[in-house]
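Colleague: Pasting the feature list from Swiss-Prot:
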| type | residues | note |
| --- | --- | --- |
| ACT_SITE | Cys87 | active site, nucleophile |
| ACT_SITE | His204 | active site |
| ACT_SITE | Glu206 | active site |
| DOMAIN | 4-224 | domain 'Glutamine amidotransferase type-1' |
Amino acid sequence: MTSFGIIVFPGSNCDRDIATVTAGLLDQPTRFIWHQETDLHGVDVVVLPGGFSYGDYLRCGAIARFSPIMTAIIDHANAGKRVLGICNGFQVLTEVGLLPGALIRNRDLHFICDRVTVRVESNQTVWTKGYQSQQVITLPIAHGEGRYFADGDTLKALEDNEQILFRYSNAQGELTTDSNPNGSLHNIAGITNVQGNVLGMMPHPERAADRLLKATDGLAMFIS
């Protein structure tokens, strides 16, 4: 059994979607953790869900990084335990420094709600062992500030350390401008920390995990 702790900030709106997968579909112990709590006792995997934490005031994730629960999340990550940030959760992880870079306004400055094809770069991680390396999967996206940006040295380190776990691609797995929905540098859709236990991604695997929706490409993320 894997115990999931789903962080709930003011403005989170994908927390119950994740619980539907972890508790409803997979029957794993799951609890909601309000952002003012300070204890992650008994939690194996921390999930920071999508949404608009604190209304995205100042900058996406900029206020959530100061929530009391973040100290415990940082300790959890530094202990080598798993932390997953999806969409707004990814933004929070960059703001708090658990992942490098930043998520900025989409290339066309519009909110994007669509399904995209994403290439799994490696299956040699705890998050992707249920996939094949270079496998192309389809996942939903819904964001206005999902364009990954980092300086040249950071991008080189991400490439050299194989921290880029997901890239936007076409159905054949080719990295093209047309298949990059938001202008992310290096077609980045998701990255890990150097140790590989912290993952941030803009696509929503929890929205592609139920056979009733005829979309299950994201389910392996939660089984891994």
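Backbone N, Cα and C define each Cβ position, glycine as well.
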Colleague: Neighbour count, 10 Å Cβ-Cβ cut-off, for His204 (active site): what number do you get?
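Modeller: Its Cβ has 22 other Cβ atoms within 10 Å.
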Colleague: Could you measure between the residue listed as 'active site, nucleophile' and His204 (active site) for me? Cα positions, answer in whole angstrom.
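Modeller: Checking the Cα atoms of the residue listed as 'active site, nucleophile' and His204 (active site) gives a distance of 7 Å.
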Colleague: What is the average pLDDT across the domain 'Glutamine amidotransferase type-1' (4-224)?
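Modeller: Result for the domain 'Glutamine amidotransferase type-1' (4-224): average pLDDT 97.
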Colleague: Tell me whether His204 (active site) sits in a helix, a strand or coil according to DSSP.
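Modeller: Reduced to three states, the DSSP call for His204 (active site) is coil.
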Colleague: Within 10 Å of the Cβ of the residue listed as 'active site, nucleophile', how many other Cβ atoms can you find? Include all protein chains, please.
Modeller: 28
Colleague: Measuring CB to CB from Glu206 (active site), give everything in the same chain under 8 Å that is also at least six residues away in sequence.
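Modeller: The answer is Cys14, Asp17, Ile18, Thr20, Val21, Pro49, Ile86, Gly218, Phe222.
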